[in-house]
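So the structure is just underneath, and the comments pick up after that.
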Amino acid sequence: MADFFNLKARQQAAAQASSSKTPTSKQESNRLQPWVEKYRPKTLSEVTAQDNTIQILSRTLQSSNLPHMLFYGPPGTGKTSTILALAKQLYGPELMKSRVLELNASDERGISIVRQKVKDFARQQLSVAPTYNVMTEDKDGGEAKMVRYRDKYSCPPFKIIVLDEADSMTQDAQSALRRTMETYSRMTRFCLVCNYVTRIIDPLASRCSKFRFKSLDQGNAVRRVDDIAKLEDVKLDAGVSEELVRVADGDLRKAITFLQSAARLVGATQTAGRKKKVVVDDEDEMDIDPPSAPSKTTISLEQIAEIAGVIPAPTLASFSDALFPKSAAKSIRYNEIAKVVENMIAEGWSASQTVSQLYEQVMFDERVEDIKKVRLAGVFSETDKRLVDGGDEHLAVLDLGVRVAGVLCMG
């Protein structure tokens, strides 16, 4: 009871209680962080395979004269990473929070967001740049030295609003955004990020400088995957990096996610049984894995195929064989097709993955004549649209099989 009035004794008791808990260390936090975020480019020079775009933006970075921008291209090519890296080099860590607003337009796509959140941020006065000194490194590898914040980061007199997946915005929201861009262009710059530039209305696109992000070539993507695997001390079998890029269809973000999933799968057997208790609060505890030791097991091609949901070659071959006529009568073997499709759906294979792999299997088969390939292209495109529209997967794949078999049986 006497210790209750002793402030020093109470502080010591609180310190001992907090030290008895096992906090999540910085190393633990980094281990649990998605590799996509962990290895996101911090500067423009770290962005891969977009040389022309990076060259133009680097010139803009030096002059601090930024136009409204429109980044478009396939997913996983570095569009969002590029604008965030540019903003970090312009403002530094202190001004990023107050000068940059990032919105995912696929979640907040209505006109109310443009009228409220975007407009409110655009009309805000600029925050003052810090006056203290920061540490900087010599580009030639010399010793670090202290410089003013404004000398390291240019801190131009405008804010940046990043609208990710802007092609998901409604027409009304895009029209409202056009007026907002005109009104607050003196102190705000907009960067629209999208996959399909045709879904951006012309009045909005004409106000922006367009930057096309091309799909990463095989060499750059494989090199980046190998670098991350080396940094994470993950061992890969021969050809695994190339397979990761192939199953990801050039999407580097997806390839890195597959790599992390495979690394966790390989290390699961090693970390099992070595879990430790972490005190979350005064009563609750949580089991977490300790930082895993360097993996002695390598990631194989079979594990990548399993994680990516790639249909095994024997399963796909049985489906394609059922589509080709066996006899001279050239009749559709419906029962065989229906049985194979039923088994594939029961095993849980994705219908979209089935369509994608079957397309490559059939369209690149030398036994199929060119005139038939023209008709098959229409069949595959119709099935793909039905799946996108939410059609039943079993019926869509069965219909695809029957229609493809019908084209192949034609004389």
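Just so it is clear, glycine is given a Cβ too, placed from its N, Cα and C backbone atoms.
As annotated in Swiss-Prot, region 'Disordered' covers the listed stretch 1-36 rather than the other ranges in 1-36, 145-180, 217-252, 361-396. Per Swiss-Prot, the candidate among ARG253, ARG264, ARG333 that belongs to the ATP site alongside VAL36, ARG40, GLY73, PRO74, PRO75, GLY76, THR77, GLY78, LYS79, THR80, SER81, ASN195 is ARG253. Considering other CB atoms within 10 Å as the measure, the emptiest surroundings among the binding-site residues THR77, SER81 are those of SER81. Neighbour density at the Cβ, taken as the number of other Cβ atoms within 10 Å, is lowest among the binding-site residues LYS79, ARG253 for ARG253.
In three-state terms derived from DSSP, SER81 (ATP binding site) belongs to a helical segment. Neighbour count (other Cβ atoms within 10 Å of the Cβ, all protein chains): 18 for VAL36 (ATP binding site).
Across VAL36, ARG40, GLY73, PRO74, PRO75, GLY76, THR77, GLY78, LYS79, THR80, SER81, ASN195, ARG253, which the record gives as binding ATP, the greatest C-alpha separation is 19 Å. Look at the binding-site residues GLY73, PRO75 and count other Cβ atoms within 10 Å of each Cβ; PRO75 has the fewest.
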